[in-house]
Amino acid sequence: MSADCEGNSTCPANSTEEDPPVGMEGQGSLKLVFTVLSAVMVGLVMFSFGCSVESRKLWLHLRRPWGIAVGLLCQFGLMPLTAYLLAIGFGLKPFQAIAVLIMGSCPGGTVSNVLTFWVDGDMDLSISMTTCSTVAALGMMPLCLYVYTRSWTLPQSLTIPYQSIGITLVSLVVPVASGIYVNYRWPKQATFILKVGAAVGGMLLLVVAVTGVVLAKGWNIDVTLLVISCIFPLVGHVMGFLLAFLTHQSWQRCRTISIETGAQNIQLCIAMMQLSFSAEYLVQLLNFALAYGLFQVLHGLLIVAAYQAYKRRQKSQYRRQHPECQDISSEKQPRETSAFLDKGAEAAVTLGLEQHHRTAELTSHVPSCE
């Protein structure tokens, strides 16, 4: 993986002795905001979502990993290929194309777990996919970059941020394992922690979105990269949903895989860019990564809003057709989908894909006054 970055220019490895170029001075506050929010989100949100995971269901996912396999195919098959096609289609410069490929080769991020919760996705599958994709990134990131960057040349090999990947793994596994233990020992307290964590995670996403919009005025980014950062996560969501649908996953899993596919780990992408490019190019490339992170949050919030609106509309229509539901003071079901969806998801792992489809089709018509 070596050649020219921009005509006769080169992309030497990042040097700590170089002064930041013009335009980077104002990024300190932005980097600090995203770093702090990411740390809080990874710690608190993953612990709270771990409280929604049952060890038995998690083990079933790992024993028969149909959903995880489809998710990994989307993550390290569709996303790098999409990045390559976007780079070719938009005629990007070599260093810009490499940055887009780095983003497409990254594993899923924590944002996907928050969004999955709010679209009633399969949290066990979501957390399993995030963890497994991070582990797989140790080998798949260099493989994908080796395959797709051969169309361009760099004067120096790209550097995989193995330390950052290790830190990400620890920040995922430890809080989730703690949450699973809390759910096993104190299920009532775990439900409360889950609600608090989901609310905090949602607010953090809003803060990230607002902060990004406010600070985006000073971003120095190529218009083409800005357009790609907007459409790339959308393409990931759509392609992930279609592949999950074509492989006969349940609607719940289709939503989960769709969210997981489009939401990338921005921190790993930034870490790799800092290790692989000089400060001369980091101005545009870091802003591309931040823009992608902003758009994936904005797209995710729109998806959540659309799903919640659809859910309320369906519930309202059902209640109008069944007035007896108005007289039922129903208790709140567990936040992670309804009971019949949980049974359907378990059936998917136990019975196989075809039986699960029949189960899902039957249970999807179960009336509910919730």
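A Cβ is built for glycine as well, from the same backbone N, Cα and C atoms used for every other residue.
Under the heading N-linked glycosylation site, Swiss-Prot lists Asn8 (among others).
The N-linked glycosylation site feature in Swiss-Prot is assigned to Asn14 (among others); the stated evidence is sequence analysis.
Annotation source Swiss-Prot lists region 'Disordered' at 1-24.
Taken from Swiss-Prot, the feature topological domain 'Extracellular' covers 1-32 (among others).
Secondary structure of the topological domain 'Cytoplasmic' (54-67) per DSSP (helix as H, G, I; strand as E, B; remaining residues coil): 11 helix, 0 strand, 3 coil. What Swiss-Prot lists as topological domain 'Cytoplasmic' is 54-67 (among others), and the listing cites sequence analysis.
Taken from Swiss-Prot, the feature topological domain 'Extracellular' covers 89-97 (among others). Regional average pLDDT for the topological domain 'Extracellular' (89-97) in the model is 90.
Summarised by DSSP class, the composition of the topological domain 'Cytoplasmic' (119-126) is 4 helix, 0 strand, 4 coil. Feature annotation from Swiss-Prot assigns topological domain 'Cytoplasmic' to 119-126 (among others); the stated evidence is sequence analysis.
Residues annotated as topological domain 'Extracellular' in Swiss-Prot: 148-159 (among others).
Sequence annotations record features per position, and here Swiss-Prot assigns topological domain 'Cytoplasmic' to 181-195 (among others) based on sequence analysis.
Under the heading topological domain 'Extracellular', Swiss-Prot lists 217-224 (among others).
In terms of DSSP secondary structure, the topological domain 'Cytoplasmic' (246-265) contains 13 helix, 1 strand, 6 coil. What Swiss-Prot records for 246-265 (among others) is topological domain 'Cytoplasmic', and it gives sequence analysis as the kind of evidence.
Feature annotation from Swiss-Prot assigns topological domain 'Cytoplasmic' to 306-370 (among others).
According to Swiss-Prot, the feature transmembrane segment maps to 33-53 (among others).
Sequence annotations record features per position, and here Swiss-Prot assigns transmembrane segment to 68-88 (among others) based on sequence analysis.
Per Swiss-Prot, transmembrane segment is recorded for 98-118 (among others). Below 8 angstroms of C-beta separation, residues 11, 38, 41-42, 45-46, 49, 52, 71, 75-76, 79-84, 86-87, 92, 126-127, 129-130, 133-134, 136-137, 140-141, 144-145, 148-149, 152, 154, 158, 165, 168, 172, 198, 201-202, 204-205, 225, 228, 232, 255-256, 259-269, 272-273, 276-277, 285, 288-289, 292-293, 296-297, 300, 303-304, 307-308, 335-336 of the same chain, each at least six residues beyond the ends of the transmembrane segment (98-118), sit close to that stretch.
For 127-147 (among others), the entry in Swiss-Prot reads transmembrane segment, with the evidence type sequence analysis.
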Tally of residues which DSSP labels helix, strand or coil - the topological domain 'Cytoplasmic' (181-195):
14 helix, 0 strand, 1 coil
Out of 127-147, 225-245, 266-283, what stretch is closest in contact terms to the transmembrane segment (68-88), meaning most Cβ pairs under 8 angstroms?
225-245
